[in-house]
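What TrEMBL says about this protein:
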ACT_SITE  A:ASP7  active site
BINDING   A:ASP7, A:ASP141  Mg(2+) 1 binding site
ACT_SITE  A:GLU68  active site
BINDING   A:GLU68  Mg(2+) 2 binding site
ACT_SITE  A:ASP141  active site
2 protein chains.
Amino acid sequence: MRVLGVDPGLTRCGLGVVEGAPGKPLRLVAVDVVRTSAAMPLGERLLAIESKLDEWIAEFGPDAVAVERVFSQHNVRTVMGTAQASGVATLVAARRGLPVASHTPSEVKAAVSGNGRADKNQVAFMVMRLLRLKDKPAPADASDALALAICQVWRGGADNRLRAAMNKNGARR
Amino acid sequence: MRVLGVDPGLTRCGLGVVEGAPGKPLRLVAVDVVRTSAAMPLGERLLAIESKLDEWIAEFGPDAVAVERVFSQHNVRTVMGTAQASGVATLVAARRGLPVASHTPSEVKAAVSGNGRADKNQVAFMVMRLLRLKDKPAPADASDALALAICQVWRGGADNRLRAAMNKNGARR
């Protein structure tokens, strides 16, 4: 299973593609950060993010997309832009017929490190370990996008097994 | 000048097209509300909004788009969806090369009623008056979209006059 993780943002939007299955080793396929300048009109920034996502979906053919679920606890100014970028990511994935999952930051942290309150550094360390990289992925947006993809590979796997089990039970009746 | 006003939202997204110029009578061109069900996946909802906006821009050929500026003071759950819908509206307009303006709810209320704290009913009443309609536009999302468009026709006009004056001054130098 191949997942594109998106850590949405206007200034930096993290993208990470990971391949794997629950209980099997994970593999890094690609990682990058789309940057757009605050001097650009909002529409241009969203277009740049849309175009990069479209390109990546065409190039890497993920089976699913995982987008970080945005909360509004944070900085009010930033969070609106983040929500708008996440809307564009969800739109692009849906247009391609891909399932879109969303995970909260603490779900992602818990998935990769066992601790829902892990800090950025710990997440980056675990992403490096799990993907057998030589260095921690940087910046944090890149690392977070990979962590999201890993979380979805594992959770998606659990969902798939559940669905398979349910179908099996259905067949038994 | 023809403006498409968008009151963004997932459950109800208001769309209103108004034609006019500062100091001249305003004319209603079109008004509608896009509704999507909370039972649909987020991506499908955003696709429905995108497709309707695309259709309207092609059909009514606005010169500009005005989108309500989203604040996160309100209900946390709703505001994220609203921000995502506004991101999609901004994206669609930018893709068509249209300028996108954003106004806060109080700017819009002040523009149409002279009172930045006017209630929904007062805004609907003034929209009815300004567009010489027989009834108040309903629901509130439709009325708010028209108010946004009116605000932009007037503000955009002021901006255009300012720009023209600045060019004139520039030419004098």
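Heads up, residue numbers simply count up from 1 along the chain you see.
Heads up, the Cβ atoms here are built off N, Cα and C, so glycines get one too.
Because the structure is a prediction, the values reported are computed rather than measured.
Applying an 8 A CB threshold to same-chain residues 6+ apart, the list for A:ASP141 (Mg(2+) 1 binding site) reads A:ASP7, A:GLY9, A:ARG12, A:CYS13, A:GLY14, A:VAL33. Summary: among the active-site residues (A:ASP7, A:GLU68), the fewest other C-beta atoms within 10 A of the C-beta are counted at A:GLU68.
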